[in-house]
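S.K.: Encoded as structure tokens, here's the structure I'll be asking about.
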Amino acid sequence: MAEAVLENVNVPAVVSKDECIYCFESPYNEPLALNASPKHSLNICLNCFQATCNRHVPLHIRVTEYACDTIHSNYLTIAKVEKPKQENVEENNNNKKIKLQVIETSEDDTHNTIWSLQRFNGENVPRTVLSKSTDSDISSTALEKIEKILKAKSQDFEDKKNSWVLEISTCPHTENFQIPSKPENTVNLNQCSSCDLTQNLWLCLHCGNIGCGREQIGIDGHSHALDHYRSNNNHPLAIKLGSLSSSTYDLYCYACDDETRFPDNVNLGSALQIYGINIQEKIADEKTLVQLQVEQNENWQFRMVDSSGKEFEKLSASKNYGCGLINLGNSCYLNSVIQSLVNGGVPNWSLDFLGSKFPLDVVYPDNNLKCQWIKLLNAMKCEPELYPNGIKPTTFKKCIGQNHQEFSSNRQQDAMEFLTFLLDLLDKKFFSSSSSGIPNPNDLVRFMMEDRLQCNICGKVKYSYEPTEAIQIPLEENDEPQDMLERIKAYFEGQTIEFKCANCKEKVTANKKPGFKSLPQTLILNPIRIRLQNWIPVKTSNELSLPGLIDRDDMLDVSSYLSQGFDPQTENLLPDEDENRSSFTPNQCSISQLIEMGFTQNASVRALFNTGNQDAESAMNWLFQHMDDPDLNDPFVPPPNVPKKDKREVDEVSLTSMLSMGLNPNLCRKALILNNGDVNRSVEWVFNNMDDDGTFPEPEVPNEEQQQKKDLGYSTAKPYALTAVICHKGNSVHSGHYVVFIRKLVADKWKWVLYNDEKLVAADSIEDMKKNGYIYFYTRC
């Protein structure tokens, strides 16, 4: 019977066998008592090779009965049982180990695998066990097929391999590298040529100079390798001697100011031999740049003890607190944002309309956004008690980030940028204009922002309005403690700018002043903690004092910033001559990122305008192509409006380029429309959406109400209470560590609950929220 079931099974190279596709059940068990049965197991479908727990096998069968030609009823059930640990000094070491790579080793060393081949006959019907691991009469053919499934790489393993590995590419200097002539004198590989350091040594591949590197995390360095490049700017490539091995090395290009690699190791090996180094015989004996970066990120720890050194009270996963989210390597930014939304940082934010039941027409839920939200919310809100050690949001992260270059990577990201990305994604997927009456929870944080522009010569004014999700508050450029209320006041006082007045017909100065046209249910404040030091963007840790950190009843009052709008009794509007100018509001998160990279405000706005206000990366690429433009850093004025093209028109050259790759014409056209004509992103979209039919729904004719901007927020003011704070430690928002504090009732008392990845504790200290607060959530009372 087993042979007949397995005969036509084709085993893929990678099998999803780490957790259930509908929940977070895994096959892993602690050591078992004698004759005890494992508590946890997964059933690998022999048709689609997806894993389901015992609870959800009937659901998968119903789904395949509804959506597939055949019912998926045959499964390989596996359970992994941990072997009793042997005493080992390293295992007993309490110091936290940093896992830099996932070494491809068998689980046979740590776990015993129990398996059985089973046929499920329907709900409430006993399953048929066709064969099991203890059987002695199973044929070699069937056993070979089962072993192939068990030995196949797991999807989790494939993801982990890249968790801490930097994505390093070649550069023009490695691609065009010419092997140098052998130096006349023997190179001393044991000491810096400019000082007495014997570690952190870098070899110039062009001449053999040995220079020490930069000082890094407790490692001495005087940057003599960099000094050598500055004196010899045609010598950009240097390799770290202590990192050399047959499989890895640290190579830095000073011209590109980035890590790099050779297209292959042939040129590298030949160059090293010139200096008497055989890379095949080398064993790395110093930390690599990857290790140093990971160690630095891991060192950004948040206090888990109070001021007296006592550990914070640990909280168990429950419906009140939810459950923890395990860090996937660099996913703490995602964990903090999700906890903020789901666990009360934005009160009443909910996706309850999705329900808790999975749709029957989705066979592969890992790639379906609705299914991933249902899976996540079921664990965090409906049954968190099942996951006392937290859950891994692996498939959730992959699903939401699959079409975004940054959020699909394993690099650390800016939590504020991710929050806005997530809200936009939910809008597009669940709350588009065609949605019928579903309240959008994202509107809880939205409001209308007013910009009042008054000419300092003629005194006439212009008002403009824009829907907004957060306010980014500039801080003073110092290291002193600052009062957030003073910074908010300074922000709403506005600034003096230059502009061409439509009434005065000349370039003049004007006062540009923001104000609230309406107020949100939850107000998000994002202090700008980035400033330039010696043209290098540095994240600050100014201590901020603000309402609500200590006393819940200490409210934020923003009523004085609620604008009354245009007053015809005391104000005169500017003429409408400037209406031929397009209204453009740049994405503030992208502006902050570009400024962090060292670009000016004017250049950043200009770049975002010319790239469709898409994202910082597109704008950055545009800036690199226009660095020589004489007006790049001049104040930016949007050009006059031109008749808009049909949004469904595409550039024929771009379309032809994609069609030459053999791609479906309808998909190509749709991809170019969705990606604003970007060919690279469009090609990626096509490959990620091969099951799309390439058609657009018929455009709706908007009625008068729909043509008006949706009313957002409240027209009257009320006090705001602080409900959550996302904190960040690190030198940049793209490194370090994120956590979130959410105010909750703990034993009938309001306390701050710290969500630090999978750890949940009641925290009494507010120091981290003062010095490291990055996103503050204030909710209307």
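The backbone N, Cα and C atoms fix where each Cβ goes, glycine too.
Below, the features straight out of Swiss-Prot:
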- 169-279: zinc finger (ZN_FING)
- Cys171, His173, Cys253, Cys256: Zn(2+) 1 binding site (BINDING)
- Cys192, Cys195, Cys212, His224: Zn(2+) 2 binding site (BINDING)
- Cys204, Cys207, His228, His235: Zn(2+) 3 binding site (BINDING)
- 323-781: domain 'USP' (DOMAIN)
- Cys332: active site, nucleophile (ACT_SITE)
- 576-626: domain 'UBA 1' (DOMAIN)
- 649-689: domain 'UBA 2' (DOMAIN)
- His737: active site, proton acceptor (ACT_SITE)
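Thinking about packing and proximity, how do these listed features fit into the structure?
M.R.: Over all protein chains present, the Cβ of His173 (Zn(2+) 1 binding site) has 19 other Cβ atoms lying within 10 Å. When secondary structure is read from DSSP and collapsed to three states, His173 (Zn(2+) 1 binding site) falls in the helix class.
In three-state terms derived from DSSP, Cys192 (Zn(2+) 2 binding site) belongs to neither a helical nor a strand segment and is classed as coil. Taking a C-beta cut-off of under 8 Å and a sequence gap of six or more, Cys192 (Zn(2+) 2 binding site) has these contacts in its own chain: Thr198, Leu201, Ile210, Gly211, Cys212, His222, His224.
Listed in sequence order, Pro180, Pro183, Asn232, His235 are the same-chain residues at least 6 apart in sequence whose CB falls under 8 Å from the CB of Cys207 (Zn(2+) 3 binding site).
Confidence annotation: the domain 'USP' (323-781) carries a mean pLDDT of 86 in the model.
Secondary structure from DSSP puts Cys332 (active site, nucleophile) in a helix. When other Cβ atoms within 10 Å of the Cβ of Cys332 (active site, nucleophile) are tallied across all protein chains shown, the result is 26.
For the domain 'UBA 2' (649-689), DSSP puts the residue distribution at 28 helix, 0 strand, 13 coil.
In this structure, His737 (active site, proton acceptor) is part of a beta strand by DSSP.
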S.K.: Determine which residues of this chain, when Cys192, Cys195, Cys212, His224 are set aside, have a Cβ within 8 Å of the centroid of the Zn(2+) 2 site's Cβ atoms, and list them as they appear in the sequence.
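M.R.: Checked against the 8 Å cutoff, the neighbours are Gln191, Ser193, Ser194, Asp196, Leu197, Leu201, Ile210, Gly211, Gly221, His222, Ala225.
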S.K.: I need the CA-to-CA distance for Cys171 (Zn(2+) 1 binding site) versus Cys332 (active site, nucleophile), whole Å please.
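M.R.: For Cys171 (Zn(2+) 1 binding site) versus Cys332 (active site, nucleophile), the Cα atoms are 30 Å apart.
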S.K.: Give the distance between the Cα atoms of Cys204 (Zn(2+) 3 binding site) and Cys256 (Zn(2+) 1 binding site), rounded to the nearest whole Å.
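M.R.: Here the two Cα atoms lie 15 Å apart.
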S.K.: Considering Cα atoms only, can you say which of Cys195, His228, His737 is the nearest neighbour of His173 (Zn(2+) 1 binding site) among these recorded positions?
M.R.: His228
S.K.: Have a look at the recorded positions Cys253, Cys256, Cys332, His737 and say which one has the shortest Cα distance to Cys195 (Zn(2+) 2 binding site).
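M.R.: Closest candidate to Cys195 (Zn(2+) 2 binding site), judged by Cα separation, is Cys253.
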S.K.: For the domain 'UBA 1' (576-626), DSSP counts of helix, strand and coil?
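M.R.: When I sort the residues of the domain 'UBA 1' (576-626) into the three classes, I find 34 helix, 1 strand, 16 coil.
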S.K.: Listing them in sequence order, which of the recorded positions His228, Cys253, Cys256, His737 have their Cα within 10 Å of that of Cys332 (active site, nucleophile)?
M.R.: His737
S.K.: For the binding-site residues listed here (Cys171, Cys195, Cys204, Cys212, Cys256), tell me which residue's CB has the most neighbouring CB atoms inside 10 Å.
M.R.: Cys212
S.K.: Secondary structure at Cys256 (Zn(2+) 1 binding site) (DSSP, helix/strand/coil)?
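M.R.: It is coil.
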S.K.: Count the other Cβ atoms sitting within 10 Å of the Cβ of His737 (active site, proton acceptor), across every protein chain shown.
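M.R.: There are 23 such Cβ atoms around His737 (active site, proton acceptor).
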